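As written in TrEMBL, here are the features:
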type: REGION; residues: 43-79; note: region 'Disordered'
type: COMPBIAS; residues: 47-64; note: compositional bias 'Polar residues'
type: COMPBIAS; residues: 65-79; note: compositional bias 'Basic and acidic residues'
type: DOMAIN; residues: 87-141; note: domain 'HTH cro/C1-type'
Amino acid sequence: MAGVGPISQDWEPVVIRKKAPTAAAKKDEKVVNAARRAGAEIETVKKSNAGTNKAASSSTSLNTRKLDEENENLSHERVPTELKKAIMQARMDKKLTQSQLAQMINEKPQIIQEYESGKAIPNQQIIGKLERVLGAKLRGKK
């Protein structure tokens, strides 16, 4: 081992500490009792709604009251009777089935069924496709 310098070692102590206690750990009963025994000051704060099953605002909220007072019946617009009859008549004149018509406009047969039964929500794009394929005016004045 000739030619190797003196070997030095670092003899400084290494201190490994635990993490500081979290907020939950500070509230632990054992920790509070140990602090009392040590004579440390302990602050207790009572929360206003602690231990109750009430919402943060005990009164009825404004939105809830508005919804309760609301008497308007909201529903989607449906296909009008004139439109569904016009679609059926134009399809019959062309001697097409619902599925054939659906295939011609690249939609599912169920869509045509819904339009002819009046259950569909009117879509201007689909109505435009139907007008083009059936060659009949379905929207607006006749």
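Note: Cβ is positioned from N, Cα and C throughout, glycine not excepted.
Owing to the predicted nature of the structure, the values given are computational and were not obtained by experimental measurement.
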Using DSSP, break the compositional bias 'Basic and acidic residues' (65-79) down into helix, strand and coil residues and give each count. 5 helix, 0 strand, 10 coil
The mean pLDDT across the domain 'HTH cro/C1-type' (87-141) is 92
